[in-house]
Amino acid sequence: MKTLLLTLVVVTIVCLDLGDSLICYLDFSVPHTCAPGEKLCYTRTWNDGRGTRIERGCAATCPIPKKPEIHVTCCSTDRCNPHPKQKPH
């Protein structure tokens, strides 16, 4: 009985720890589990000679654009940074 109780406690702790991880989109529509401490998803967009460029990922703090032509948005829920042409889940 003690073994069963201990097993349930361990499984609960592991599940609670996994549930704390944020999921953000990276390239294309590939979801990625962020590292501990990365509590934001971001989308960075800018234009270059080839058209509109899009970068997405995880961050501990919202990235600050280094140039005025770069636009950054941040959010804090799972899969909240889809490609701009897609709707969030």
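Including glycine, each Cβ sits where the backbone N, Cα and C put it.
As annotated in Swiss-Prot, Cys34 shares a disulfide bond with Cys58, one of the listed residues Cys58, Cys62, Cys74.
Only one of Cys15, Cys41 is recorded by Swiss-Prot as the disulfide partner of Cys24: Cys41. For Cys62, the disulfide partner named by Swiss-Prot from the candidate list Cys74, Cys75 is Cys74. Close to Cys75 (disulfide bond) in the fold, though at least 6 residues off in sequence, lie Leu40, Cys41, Tyr42, Asn81, each with a CB less than 8 Å from its CB. Cβ neighbour count for Cys58 (disulfide bond): 21 (other Cβ atoms within 10 Å of its Cβ, all protein chains included). Counting every protein chain shown, the Cβ of Cys74 (disulfide bond) has 16 other Cβ atoms within 10 Å.
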